[in-house]
Amino acid sequence: MAHECVQVAVRIRPLVQSEINTGCQVCLDVVPGEPQVQLRGTEKSFTYNHVFGADIEQEDFYNTAVKGMVDNIFKGYNVTILAYGQTGSGKTHSMGTCYNGGPNMGVIPRAIQDIFKISEAKQEYDIKVSISFLELYQEQLYDLLMDKPRSQCIVDIREDSVKGITVSGLTEIE
C-alpha cells in the first residue's frame, strides 16, 4: 500500500426511503470480481482501488480500504483519509462521525482505536499522537474539534514562510 501515492475507494450507498418514495433508482452496478462500477444501462465503467456495494459492513469497509493506511503511519508514512461527495452521499456514515458504537462505528473512530492500540504495543518508542479534524463545506473550512457554534469554527488556510501551508487556528489535540 505504501507504494501508491493516492488510493481511491468508492462506496455506493443504498437509496434512502425518500428517494425510493419519489421513484429514484440505483444507477451504478459493482462489476463482480473487479474494483469497478458500471453505469447501469451503458458500457461505461470506472476502475478504482476498491469498490464497495451498498451492503458492505462498516468493519469490512475499514479493514479493506483504510486499515493498511493506518498501519503505514507506523512505517513513517503520512496518511490522509478524505471523504468526498455531494451532500447526502454517505460521507458522514462512512467516516463515522455520528458514532454510536459497535458495528456502526465508521472510519475515524476505528482508525483512532487502531492508532492507540498500535502505539501502546510499541513500548520501545516514544510515540506522540496529535489529531486535527476539519471539514470543507461550500468552500469554507470548519474545525470539527472546536467546542463552539459552527459559525465560530471557520478556519483559514495560510502560507507561512517557516511552516509552509498551514490551517490558521485549527485545533490540534495531543
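Going from the start of the chain as shown, residues are counted 1 onward.
From the backbone N, Cα and C atoms, a Cβ is placed for every residue, glycine too.
What you are looking at is a predicted structure, and each value in this text was computed from that prediction instead of being measured.
So that you can see what the record holds, here are the features copied from TrEMBL:
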- 5-174: domain 'Kinesin motor' (DOMAIN)
- Gly85, Gln86, Thr87, Gly88, Ser89, Gly90, Lys91, Thr92: ATP binding site (BINDING)
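TrEMBL feature annotations superimposed on the structure.
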residue : record           : Cβ neighbours (10 Å)
Gly85   : ATP binding site : 12
Gln86   : ATP binding site : 7
Thr87   : ATP binding site : 8
Gly88   : ATP binding site : 11
Ser89   : ATP binding site : 14
Gly90   : ATP binding site : 16
Lys91   : ATP binding site : 19
Thr92   : ATP binding site : 14
Other same-chain residues whose Cβ falls within 8 Å of the Cβ centroid of Gly85, Gln86, Thr87, Gly88, Ser89, Gly90, Lys91, Thr92, the recorded ATP site, in sequence order: Arg13, Ala83
Mapped DSSP class for Gly85 (ATP binding site), helix or strand or coil: coil
Where Lys91 (ATP binding site) falls in three-state DSSP terms: helix
